[in-house]
Amino acid sequence: MPCRGVLVCMTSSPASLSPVLSPSLQRPAPRTGRWGPWPLGLLVLGVGAAALTVWGLWSGERSEYYASIALSMSQNWHNFFFGAFDPSGTVTLDKIPGSFWIPALFVRFFGFSTLSVVLPNALAAVAATLLVAVTAKRVAGTTAGLVGGAVVATTPILVAVSRSNQPETFFVLGLALTAWAAVRALEQRSLGWLLLAGAFVAVSFQTYMLEAWAVWPALAAAYLCTAQPWWRKLWHTALAGVTSLALSLVWIVAVALIPATDRPYVGSTLHNDPWEMVFGYNGLGRFGDSTADSSAYNSFTPPFSGSAGVFRLFNEQLAGQIGWLVPVAVLAVVVLTVLKFRPAVTVFLGVWILTFAAMFSAVAGMHQFYTAALAVPMGLAVGLAIGVGRRRRVVWAQLALLGAAMVTAVAIALVYGGYSVAVAAVQVVLGLGAMVLILREARRGAAFTVWTTVLLLGGLILTPAAWSVVTIAHPNSTNPVAGGVSGMSMGGMGGPGGTGARFGGNRQGFGQGQPGAMPGTPPNGFQGRGLNGAPGGTGFPQGVAGGREGTASTALLSYLRANRGDADYLVATFGAQEAASLITGSGGEPVLPIGGFSGNDPAPTLQKFTALVSSGALKYVLVDEGGRGGGFGGGFGGAPGGSTATTTASEIRTWVEANCTAVTADGVTGLYQCTATAAQGA
């Protein structure tokens, strides 16, 4: 008879009323000394991700351009905030400097080296992997978390870029933080978590600007699908959106409000304007002639990912880098929709993947590593779909996802050939084995086994995982790509295992130069040269931010240090690459980069340049060190778009050649000495 009323309940056993009084409940559960599947799996995932991203970095490569930025930013807080490219704070890099703040701190505290500028990116990739795993596990259990994290950890292009100092990995980490907070906001219908997600979008904006805002359509659509009154959903979304926008613009507004005389010139702009740099050069200008206006801003669109189009993510340049799991991720969203799994979360991931895929398909030109941003939503989608399918024992969902992964792996492997074919064949075998075990579990109602999970992971990601492992042996910080393929490919592509030419390597390559030199022929520039004087390949406008460690000429640096005297600047040079080599080679001594990243920035002006010479602050100008190459953009000051119009850099070059004296010294070429008398008499 059930207990009814106060009197009857008072006669019940005290132990049955209060767990505090129950001796059996007071004792903690005995420790078995064994880890559960989740902490052990998370540990293995973290160690595996670290092995892929960190191993061998101490003997790897770095982009001299981006390394010089971290070194310059570490000099003082002024350079740190503005993202100064050079130690004297003459000009900024061509982006908001968020991706370089942590590397700059590493340089500040641990000294300058390849490891100190690359390791932060590798650690950011590991953190992103673990965040995705934790997020997926919270929503759909242990299997979802481990699969989702494994997808991120083995995304080939993410592994490649995380092993460089290119500014992409911190953006991926920002997206992982956004997803973590967004899922909490959708689950709890919480304004606080939504505000935090918007704040993480703003943090991501500081690392990769407008691309970060592409998350908002997915986040807004998903939050509007939550079960709460419409007025509340609209109010929460609007407030979080406005807050995110305001936080995103903090750096831009701060720089715009500071007088130009008190800060560096804003790099890659024609008008020294941070708004132009973010929304013009790094915004509309990236979508080609339909949105770019060379009289308003001059954008650099890297030509490494093939032509824009619907199937771009599956072309020769991108399929092996990111395409492995795109079909599986799309199918995963369909599976989650059919299974009616948390509609808001499903909408969030589906719209996110669609938005980013459309963006990468439409942009005029880009590096392959831009697509690493897809790793976060794809990892979450695949992890959740597999996790839900396993938890609910939905056989068709598991088999469909495995089948899609295997078919995609075989299709892409047949395009690339080489080791990919054998690895894809093994992936198919593992996938078929997983299918057999899944069917067996369903038929017998058996408990899940570790072997099923292992085979399932192999059937999903073995081939991209193999590409990620191969990447360790093929470092490339100029244009990082995975699998040992050529990073400089525009139309065709080198085969796996390094059969394609590597930038700055010993084999004939695409626009190849000496280690650290610029490839190809920039507008109004000249043909690059390979090692041992081998001619370079076809050039491309504006070049890329690249280079390898130790590129500055020892003879040149020795001469400059011995003869610099009281000059403030060690030397001035044209374009960013030559300046970067000298900045890193000298350990951070003041080098004046004429023209900034593109070679077209009007910084310094001819008047200011001659004033520096006249005052004795600048004594030497490097015009061309033995065919090493000039700047990124106009080479020696080419105009935007490759026109023959006069730029500030070309004016300075003409003045130097007319008024300064060429230096003759062993091992030194292209160096001019400028005197105060020459400047005053010009």
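Residue numbering: from 1, along the chain as shown.
Glycine residues also receive a Cβ, built from the backbone N, Cα and C atoms like all the rest.
Whatever TrEMBL says is automated annotation, not expert-curated.
Per TrEMBL, the features are as follows:
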type	residues	note
TRANSMEM	41-58	transmembrane segment
DOMAIN	95-251	domain 'Glycosyltransferase RgtA/B/C/D-like'
TRANSMEM	144-163	transmembrane segment
TRANSMEM	169-186	transmembrane segment
TRANSMEM	191-208	transmembrane segment
TRANSMEM	214-231	transmembrane segment
TRANSMEM	238-260	transmembrane segment
TRANSMEM	322-339	transmembrane segment
TRANSMEM	346-363	transmembrane segment
TRANSMEM	369-388	transmembrane segment
TRANSMEM	395-415	transmembrane segment
TRANSMEM	421-439	transmembrane segment
TRANSMEM	446-467	transmembrane segment
DOMAIN	556-659	domain 'Putative mannosyltransferase YkcA/B-like C-terminal'
For the domain 'Putative mannosyltransferase YkcA/B-like C-terminal' (556-659), mean pLDDT (0 to 100): 83
The transmembrane segment (238-260) vs the transmembrane segment (144-163): 3 or more CB pairs under 8 Å: no
Contact yes or no, the transmembrane segment (369-388) and the transmembrane segment (421-439), 3+ Cβ pairs under 8 Å, gap 6+: no
Stretch in 144-163, 214-231, 346-363, 395-415, 421-439 most in contact with the transmembrane segment (169-186), if contact is a CB pair under 8 A: 214-231
Range from 144-163, 214-231, 322-339 with the greatest count of C-beta pairs under 8 A to the transmembrane segment (346-363): 214-231
Selection from 322-339, 421-439, 446-467, the stretch that has most Cβ pairs under 8 A to the transmembrane segment (144-163): 446-467
Same-chain residue ranges lying at least 6 outside the transmembrane segment (214-231) that approach it to Cβ under 8 Å: 175, 178, 182, 185-186, 189, 194, 197-198, 201, 204, 237, 241, 244, 343-345, 347-352, 355-356, 359, 377
